[in-house]
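Trainee: The structure's right below; bear with me while I get my questions together.
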Amino acid sequence: MPIDTPLIPHKPISRYRSGRLEGLESESSSESDYEEVSDSHDQENSISSSRHVITPVFEKEGISETKTSSNFQNINPVQTIDNSASEYETDASSAEGGSNSAASSSEEEDSSDSEYEMELRRRTLLLPPKFTSKVIKNRAKANEEDTEVLKKVTSQKILEETIKRELLLKETKNNNELLNDIDDTDGIDPQSEYELWKLRHLLRKKRDKEKSLELEREKMAIEERRLMNSEEREAQDLKDAEASRRGKKKSSMQFLQKYYHKGAFYQNEDIVSKRDYSEATEGEVLNKDLLPKPMQIRGDLFAKAGQTRWTHLANEDTTKEGSAWYDPKNPILQKNLHRLGGLHSDSPLSKRKRT
């Protein structure tokens, strides 16, 4: 380990000189040398301590950074120590002291440089804060509000223009359709046109006459009903209901229509036996072919808990080759099919012979 502190020379033994004055001078000279060495040692300690407290100066507007002051560069404490020690010690001791002091000074310089670099890294160049006045802020806010208003106005104008354009296109399209629908075949065959008008005129007269007759019949029926009593009115109502029921033809079952079984009771009554059960009930859709495919479900189970994926047998193919119900290699299935009726030959049953 190199020694950080420099060697301090001890007070040398006074040499023999001829005369008392020479001895005193030598003693005084030795004492002065000792004082010079101690002063140089104190000065070196102050320099080493001051190197750790050097504040860096950042480059700004052409000002260069300085690591140490110019006063410390001119001082070389190693030389002072070596010169003072060489007067009193041998050549070997002076060489050893010089090497140790040089090593310690180089280590101090390295440590000071590293500390300086670390200090530079820690410190960051802080920019001065910029303060904006309230007037500028209010002006910026007003500009933003004006831009938003302009955007809204421009968007509204664009929307109005697009609506007007669409309306004009619709009008032109309608006008073109009307022009295409105009019948400009007048005067081609006047005789046939006259016959067609005559037929239309006769049909119009017939329709008007039928309406007038129907109104007269309704008026007569109202007058007759006013003259009837309560029993006659009930009998007339039953008669009209039966006539309307007979006039209706029984319709066939529609696609996915719910089936209502009429049962075996009250079949001797006409209201049960002659009723059409294929009519749609209240709230039931009659033509489910017009509905979308997900809504084509029997009954009113759409979007309910009882809805299943199976709709009707015509929609499901149960004759697939990979189906388990038609696997000829499955012995359990073949055994069950053999027990069912109508699935095997009509040969007579073979009776077992008694043994």
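Think of each number as a place in line: the chain as shown, counted from 1.
In case you wondered, yes, glycine gets a Cβ from its N, Cα and C as well.
Below, the features straight out of Swiss-Prot:
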| type | residues | note |
| --- | --- | --- |
| COMPBIAS | 24-37 | compositional bias 'Acidic residues' |
| COMPBIAS | 91-105 | compositional bias 'Low complexity' |
| COMPBIAS | 106-117 | compositional bias 'Acidic residues' |
| COMPBIAS | 226-245 | compositional bias 'Basic and acidic residues' |
| REGION | 1-121 | region 'Disordered' |
| REGION | 226-253 | region 'Disordered' |
| REGION | 336-355 | region 'Disordered' |
Trainee: Counting each residue once, how many in the region 'Disordered' (226-253) are helix, strand and coil under DSSP?
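Mentor: Computed counts for the region 'Disordered' (226-253) are 20 helix, 0 strand, 8 coil.
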Trainee: Quick one: DSSP breakdown of the compositional bias 'Acidic residues' (106-117) into helix, strand and coil?
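Mentor: Counting residues by DSSP class gives 12 helix, 0 strand, 0 coil.
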